[in-house]
Amino acid sequence: MPARTAPARVPALASRAFSLPDDVRRRLKDLERDSLTEKECVKEKLNLLHEFLRTEIKNQLCDLETKLHKEELSEEGYLAKVKSLLNKDLSLENGAHAFSREANGCLENGSQTSGEDCRVVMAEKGKPPKPVSRLYTPRRSKSDGETKSEVSSSPRITRKTTRQTTITSHFPRGPAKRKPEEEPEKVKSDDSVDEEKDQEEKRRRVTSRERVAGLLPAEEPGRVRPGTHMEEEGRDDKEEKRLRSQTKEPTPKHKAKEEPDRDVRPGGAQAEMNEGEDKDEKRHRSQPKDLASKRRPEEKEPERVKPQVSDEKDEDEKEEKRRRTTYRELTEKKMTRTKIAVVSKTNPPKCTECLQYLDDPELRYEQHPPDAVEEIQILTNERLSIFDANESGFESYEDLPQHKLTCFSVYCKRGHLCPIDTGLIEKDVELLFSGSAKPIYEDDPSPEGGINGKNFGPINEWWIAGFDGGEKALLGFSTSFAEYILMDPSPEYAPLFSVMQEKIYISKIVVEFLQSNPDSTYEDLINKIETTVPPCMLNLNRFTEDSLLRHAQFVVEQVESYDRAGDSDEQPIFLSPCMRDLIKLAGVTLGKRRAERRQTIRQPAKEKDKGPTKATTTKLVYQIFDTFFAEQIEKDDKEDKENAFKRRRCGVCEICQQPECGKCKACKDMVKFGGSGRSKQACQKRRCPNMAMKEADDDEEVDDNIPEMPSPKKMHQGKKKKQNKNRISWVGDAVKTDGKKSYYKKVCIDSETLEVGDCVSVIPDDSSKPLYLARVTALWEDSSNGQMFHAHWFCAGTDTVLGATSDPLELFLVDECEDMQLSYIHSKVQVIYKAPSENWAMEGGVDPEALMSEDDGKTYFYQLWYDQDYARFESPPKTQPTEDNKYKFCASCARLAEMRQKEIPRVVEQLQDLEGRVLYSLATKNGVQYRVGDGVYLPPEAFTFNIKLSSPVKRPRKEPVDEALYPEHYRKYSDYIKGSNLDAPEPYRIGRIKEIFCSKKSNGRPNETDIKIRVNKFYRPENTHKSTPASYHADINLLYWSDEEAVVDFKAVQGRCTVEYGEDLPQCLQDFSAGGPDRFYFLEAYNAKSKSFEDPPNHARSTGNKGKGKGKGKNRTKSQTCEPSELETEIKLPKLRTLDVFSGCGGLSEGFHQAGISETLWAIEMWDPAAQAFRLNNPGSTVFTEDCNVLLKLVMAGEVTNSRGQKLPQKGDVEMLCGGPPCQGFSGMNRFNSRTYSKFKNSLVVSFLSYCDYYRPRYFLLENVRNFVSFKRSMVLKLTLRCLVRMGYQCTFGVLQAGQYGVAQTRRRAIILAAAPGEPLPLFPEPLHVFAPRACQLSVVVDDKKFVSNITRLSSGPFRTITVRDTMSDLPEIRNGASALEISYNGEPQSWFQRQLRGSQYQPILRDHICKDMSALVAARMRHIPLAPGSDWRDLPNIEVRLSDGTLARKLRYNYHDKKNGCSSSGALRGVCSCVEGKPCEPAARQFNTLIPWCLPHTGNRHNHWAGLYGRLEWDGFFSTTVTNPEPMGKQGRVLHPEQHRVVSVRECARSQGFPDTYRLFGNILDKHRQVGNAVPPPLAKAIGLEIKRCMLAKARESASAKIKEEAAKD
């Protein structure tokens, strides 16, 4: 807009006018440049201006300060009133400020001095008078005694750089508040826009009259001058009418309310900024010339303006009287209206065109190049033509010419520089641009040789090119006349364009990264972004996570565009885990149509995906997968076709709502387009991305609260069937008569003879179900039930966890049997036992023989026994009938009876018969013997201690929070904090058995069903008066003896443990504790009454109970307790030769080494940094860094070494195979189709199973993420188990929580264990430590059946939980970005856990205590996260902060009404985007570089408020699952140190996984984080290893026992 002037009425000279000294004025300007808060700024200015204020004003300021201190006035109200008082005191009577510093005859606020004064000033300067800019005069202020009214002026703005300075110009401006009836978050209504057009038309008419009259003299009577009270009153009338029509309430014409920190903009929310804005100082001095050059010829300024003075005193008095009357009416109406109106914070004023905030200090204006001409003139310039006169121009008139444009700027009609990617073009806002046009072949970005142009456009479309792997990404505009490829922006536009370039380059990074890493996580993507060096043209040091989140919408749209170039059956890369997390975090809107976006992606078509690489498989594995897939693909593809149309559309997004294209393959098959209608597929242009996202998320979501599922269905028959005596007859005489039952050996049914031991098919009650199969174990007849048989059931493969993947002819033994009537028998069948061959271990990799030659419908086979509750496949139990019970022997009954007998508590070895009770020396339960003097585990509720501890730590009550400072704190309504141990249960109580007794019945006999034990209580350190801090420094297995006793039910005993007096041990305490499980020691006794520690009494030091055991106490008890340990030391087990596939840095192998069961001779790891780390920690291992498929192919081909000369393990060499194959390659979609089946068939899981089949190791372990058991409706799990069963392995699966095995981290892992025939199948290890119950939901649902592992310690454990404090409190303090690879510890270990991890180093050096260097903004956020437990991003203050790089982080604006969360207690808004009002997201609402990340409140309502992001760890809590890249906004969430302003270090993460401090890592910091995050926690691996060791010991004992028997038999 050109600067204009308007004749102004000359005010009378003020009675009191003064000017500020120059030094004060300078200091006021300096304050504006400083980054002070509004409060600080006002305070400083008051100090400067205090001596210039009248006494009356000073008194009023004192009163205001008193009210503020008494909280009678809010801080905002106080600041508003202070500015109001200053505005009054330092202004003239008519509102014109009276400072004596003039510029061009005008005052700062647009009021004009009298012509006389103007001439005097010019004469004094000795210069000819310059043209006076025509300015709009603001409304006049009220007199000092009245309340001020809203200031408003016409939107004409002066853009002079030298302007009059006023006091109020030194205060920050803010938006005017809307009237109460107006919705604060709504954009200007159509009525107000029309009204503004009317106002503009009025101004044009006045201006044209001015031109006709030439130079207007002093204002004529009756003439309405723009900016005067009469025009303002007219505008107010219109506004009042509009509001009345909306609210149907009386509406005042003025609004006196002012927002405390903002002045009202001239012309309301749609007008330009007032003249007082200091941003004009940032413009070039040539701007007035440029602006003038834009005007139409008839709008040119006159050469000279000579304002005349006329006497208007009468008119002034009338206007003043009318104005005061109007103001009183307004005030009365306002008071009435505010009683019912909701007063809330309103939007700051915006430009009506580009919707930018007019008070934004970064708002810029366009500046045309010199001598700029219009677009049409440029396009006809011969310098841009690439043809000579003899050449034809274009092949078609539809082709647009292409040129290059440099030194360009893009702006709206009001002259504001605008970005092009905020949705303005899509909303038909006309954006123009200027610059220097050059021929298309020019590469020089300088404006030399170009043609300067202005007002190009409007822009119809913008497009991107350069996604071809090159270094550059190009941006172009299309207008109605030409296309322009952009080169360099103008200096003014460069900051805006750099943001655009930044997002283009980030999109390029993301697309190219996903091309090669489609299964990457969000943390992996952040790693890629942060490690990519930005192009030099961007003037950026680094890309950050904030950069990605800022441009997330744009980036996702580019990825969607890339996916559209692929085939319809290809997996979209926008469904990769990292993109799904980005879409959720940033609140990206999917499914925007490109046509509506007016954005074109000009890039080469997506390269054809060649599909997955071929996996090397053995014949057995290949046959299983191929056979099953052939049937399942057809079935699932049929289901997909039936459900695709409904399933793939949400019906809400833009893509779903557009019509079919009629051109794609799916449309051509539709009936409406003349097709057959068979495929029933959605139009390819209507493939809903929201539904695809939902399906991908559903595949990975696992419900922690698994509902109660019915147990696997039993095969009981519910009712009797009528006997048919004619078809059933006994063969031979009864072999045995037992009471009423007569047992037979044979029976004839329908001319078919059956005998005991035969197998039969049984008719089910439900005829729709297949026949049941059973072994006949007894035949008898009795008078009540008739002819009966005892059925020992077989379980069909489909009734196991294998489901449909099982062999249809394979059966499994189960411990399930029942009595049945013979009439239920359908026919005789044959069930063959397939025993493993003697050479089983060497048969791997060869062509598998068919287990059954053909299916005749009556022949089946079985190999294994199946546990239906624990999903365990084991070798059939060896139970043989005796001669006297062959006629009715049932292996199932025998085993079930044996188990019941074991479970029943019993007493043995009576000691003494006392009055009322009988004492015993021994009791048994679950096969475990408990003697007097043994230590026992008891539930926490078994007994209490005689000391009253302080109540457990609870969260402090929530105190009132300043919602203005902490606007997101309201989201913390839940007390639950992820990573907190407040709900962690207590560990077991431990007691030493003093007596075992039973009370006597009334008949004098002992009641052996009610066994009691009397125990001496042991105190743990946390149970003493020293409470929890004592346990932190003490050993985890330290106890204190006490003479306190308790009587407990023997049924409550949870297990046996060893408790020894430390001074009596032959070895050191550390060796004793490490020598076996369940070991405790005590050195002192605790007296609860005196709260003192004493020497233990003599009877405590003895492991027996003197005088009670009649010589069976001390010695025998000790030998009984230590018996397993002695056997372990006697039998030396050879270590298993181990191959670790997908080894990573070696966490699994490290745990097995600590358990002492394996020696890892070979490892395969393709990622070089992890392979190097494995080498560092396992120097004797051969580490292969090749593809596992290549290695297996070499071995199967008979090769001995690989290409690098490394010796390959041969068949028979590998005794243990372990690994965690990555399975993300097929984790994107919940349903299989032919392509995902193909991916799975060639996945690393299949390769790993092929390794198992070829090498046939004694033990096999597969470790993976918890969701492994749920992928593809558990299909991955089923097929893995199916392969193992087909190989002949015993196998099982379960989910373990690493936190229960001694790490301060929640990490649930799926484990598949397998053992070769003849080896005992290990159980899963019982938990060692208590842990948060929420993280211990370990059951698995497969096909609506709930499976659990064999673990029995569900509610407690032997040891307390390990905390963050235990893990890392001894590590020295470091800063953000610390990079010293080796430092000293600076202190001794403080906890038991730290002593374990530090080990016994001679000269301890702390390695890898380094942390990521976060960006300046992230560092500032971390610095402002409080240190209180549970703190996260919701505790960030909404303030401006100076960052370490010198930039300023802004406050977050809340401009929208959040329908869900409402307003704050002070009425402030809580929404940051229009989506909270139920509207589509507004691109212009995005905010960046704010201390509170804009994306989190934007999407928080639908993502649990992003609890935990930017969260601090809690000293007494635990880590979330350690990931590969600790990011404050990543999945792991709480990664900030509890007390230091940084993310956790590599060493802290390694400790959270349980790695010893001596364990070496390799590579840069992100490599090391990835190595740690991908590893199996060694303590978890150790626990599993000890279970394998137990099985090996059991077999060794069995072999030793058999050998002794054999030798004895020979003798």
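From the backbone N, Cα and C atoms, a Cβ is placed for every residue, glycine too.
The Zn(2+) binding site annotation in Swiss-Prot covers CYS351, CYS354, CYS412, HIS416. The annotation Zn(2+) 1 binding site is assigned in Swiss-Prot to CYS650, CYS653, CYS656, CYS688. Marked as Zn(2+) 2 binding site by Swiss-Prot on the basis of sequence analysis: CYS661, CYS664, CYS667, CYS683. If you look up Swiss-Prot, you'll see SER1143, GLY1147, LEU1148, GLU1165, MET1166, ASP1187, CYS1188, ASN1574, VAL1576 marked as S-adenosyl-L-methionine binding site. If you look up Swiss-Prot, you'll see 696-706 marked as compositional bias 'Acidic residues'. Per Swiss-Prot, compositional bias 'Basic residues' is recorded for 713-725, 1107-1117. The region 'Interaction with the PRC2/EED-EZH2 complex' annotation in Swiss-Prot covers 1-334, 306-603, 1118-1611. Per Swiss-Prot, the feature region 'Interaction with DNMT3B' maps to 149-216.
Structural mapping of features recorded in Swiss-Prot.
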residue	record	DSSP (3 states)
CYS412	Zn(2+) binding site	coil
CYS661	Zn(2+) 2 binding site	coil
CYS683	Zn(2+) 2 binding site	coil
CYS688	Zn(2+) 1 binding site	coil
LEU1148	S-adenosyl-L-methionine binding site	helix
MET1166	S-adenosyl-L-methionine binding site	coil
CYS1188	S-adenosyl-L-methionine binding site	helix
VAL1576	S-adenosyl-L-methionine binding site	coil
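CYS667 (Zn(2+) 2 binding site) falls within a helical segment according to DSSP. In this structure, of the binding-site residues CYS661, CYS683, CYS1188, the smallest number of CB atoms within 10 A of the CB marks CYS661. It is 45 Å from the Cα atom of CYS683 (Zn(2+) 2 binding site) to that of SER1143 (S-adenosyl-L-methionine binding site). With a cut-off of 8 Å between CB atoms and residues at least 6 apart in sequence, the same chain places CYS351, GLU353, CYS354, GLN356, LEU363, ARG364, TYR365, GLU366 near HIS416 (Zn(2+) binding site), listed in sequence order. Taking Cα separation as the measure, CYS1188 (S-adenosyl-L-methionine binding site) is nearest to CYS688 of the binding-site residues CYS412, CYS664, CYS667, CYS688. Residue density at VAL1576 (S-adenosyl-L-methionine binding site): 29 other Cβ atoms are found within 10 A of its Cβ, drawing on all protein chains shown. For MET1166 (S-adenosyl-L-methionine binding site), the nearest neighbour among the binding-site residues CYS412, CYS661, CYS667, CYS688, judged by Cα separation, is CYS688. Taking each of the binding-site residues CYS412, CYS664, LEU1148, MET1166 in turn and counting other Cβ atoms within 10 Å of its Cβ gives the largest count for LEU1148. Cα of VAL1576 (S-adenosyl-L-methionine binding site) to Cα of CYS664 (Zn(2+) 2 binding site): a span of 48 Å. The region 'Interaction with the PRC2/EED-EZH2 complex' (1-334) scores a mean pLDDT of 49 in the predicted structure. A simple way to gauge crowding: the CB of CYS667 (Zn(2+) 2 binding site) has 21 other CB atoms within 10 angstroms, across all the protein chains here.
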